[in-house]
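Quick look at what Swiss-Prot annotates:
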ACT_SITE  Ser105  active site, phosphoserine intermediate
BINDING   Ser105, Asp244, Asp246, Asp248  Mg(2+) binding site
MOD_RES   Ser105  phosphoserine
Amino acid sequence: MTRRYFGTDGIRGTVGEAPITADFVLKLGWAMGRVLSRRTGRKSRAKVLIGKDTRISGYMFESALEAGLSAAGVDVSLLGPMPTPGIAYLTRTFRADAGIVISASHNPFQDNGIKFFSAEGVKLADAVEEEIEAELDLPLSTVAPDALGKALRIQDAAGRYIEFCKSTVPDRLTLEGLKVVLDCAHGATYHIAPSVLRELGAEVSLIGAEPDGLNINHGVGSTHPAALRAAVIERGADLGVALDGDGDRVVLVDAEGREVDGDDILYLIARDRRARDLLGGGVVGTLMSNFGLAAALEALDIPFERAKVGDRYVMERLAANGWQLGGESSGHIVCGHVQTTGDGIVSALQVLAIMVREGASLAALLQGFEKAPQALVNVRLTPETDKEALLGNEQVQHTVASVEAELGEEGRVLLRPSGTEPLIRVMVEGRPHFDVDALARRIADDIEGHMVR
């Protein structure tokens, strides 16, 4: 079935432009409610949790979803600002039938999106998303007045998730003596992550923790680590932690200001859990994962598999293999022994716990782990440009082939249309003697030259 609305991570776009409009989101809530009621098959009303990040449009879409779900006879519990992984966790612990996230993750405030979790706290199966899309074709109708859904606001949601995050490290472990700069991207973790780290004993200073509805991800967060690098050096911190707007990604910075990405974090957690005989299988990365990660895991005799880009595909491969650990270079890390989805706070805590156990700095822990030089260029497309047609352009394919020939067996090229933004991502990876930045730029320039304007 061809999808009209759902991408790799729910439905996302620019606020006020179809489909990210109040009327569509109201009907989306209604369609979700209809599907849930049918699937649960209970006489009692289905129950859904709704959480959001800090975008100003979140108020509008929260109300729209609440109205649509109520019209379908579904009860709603409102969490307010809450990280995406917190919504997944609370959906499970409240025994809700589904969780809904209002967020566009690392995108700017002008964008927003809707994504769903099942009762188990994992992304919805494709079949369920297709059912929701089918319901959207039907005229909206309201259940009988005595069957309408109710809504309530959960007052202690943040505190519950804070305690969960702390529970993912050993009870007696303390972060006392660690000086941490925390960047919350002016997003959904601003009132949660500082409390988690401080209650575990860390000395925490903040950037990106003053959301105003318009500044989410603006020059801060995991996709803009320069601000964190500068703050770590200026404040003499042991490390920095950068989360994204909805808290499902994390990037770290060591005491010297060097960025520690998702591949580094996966390596550290995998090595630590293997050493303690806790790994439970292998590691799932993605097509974007650095060759150095695969080589380092192989040297440790840890199986490694690549999934398509997107945390839902990482989760699918983890489930298929019966493994627990996976993630993306961007900082989506799934620690399946404690969480059902990517969780930036929890992933950071796993690394902090390793630092405490080993009595070592972040830089020391990564000593000897070498990644292949990798360049990533994002080409933003014009509205008139078709992604697939552009990737199939004969001249673009010729340029890609020439770069691949130049790299030979010592590198690779990956072109990937974003599932959440109007972008084509150009990745070139190669041995140190290649100028991967120049090679990636060559391909990106050719793509830009063939866009429809």
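Glycine is no exception: its Cβ is also placed from the backbone N, Cα and C atoms.
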Exercise. Across all the protein chains here, work out how many other Cβ atoms are within 10 Å of the Cβ of Ser105 (active site, phosphoserine intermediate).
Key: 31
Self-check item: Integer Å distance between the CA atoms belonging to the residue listed as 'active site, phosphoserine intermediate' and Asp244 (Mg(2+) binding site)
Solution: 7
Quiz item: Other than its own, how many Cβ atoms are within 10 Å of the Cβ belonging to Asp244 (Mg(2+) binding site)?
Solution: 34
Quiz item: Going along the chain, which residues six or more apart from Asp248 (Mg(2+) binding site) have their CB under 8 A from its CB?
Solution: Pro83, Thr84, Pro85, Ser105, Asp311, His332, Thr341, Gly342, Asp343, Gly344
Quiz prompt | Neighbourhood of Asp246 (Mg(2+) binding site), C-beta criterion under 8 angstroms, separation at least six | solution = Asp53, Pro83, Thr84, Val101, Ser103, Ser105, His106, Gly187, Ala188
Quiz item: Within 8 Å of the Cβ centre of Ser105, Asp244, Asp246, Asp248, which other residues of the chain have their Cβ, at the recorded Mg(2+) site?
Solution: Asp53, Pro83, Thr84, Ser103, His106, Gly187, Ala188, Leu243, Gly245, Gly247, Arg249, Gly344
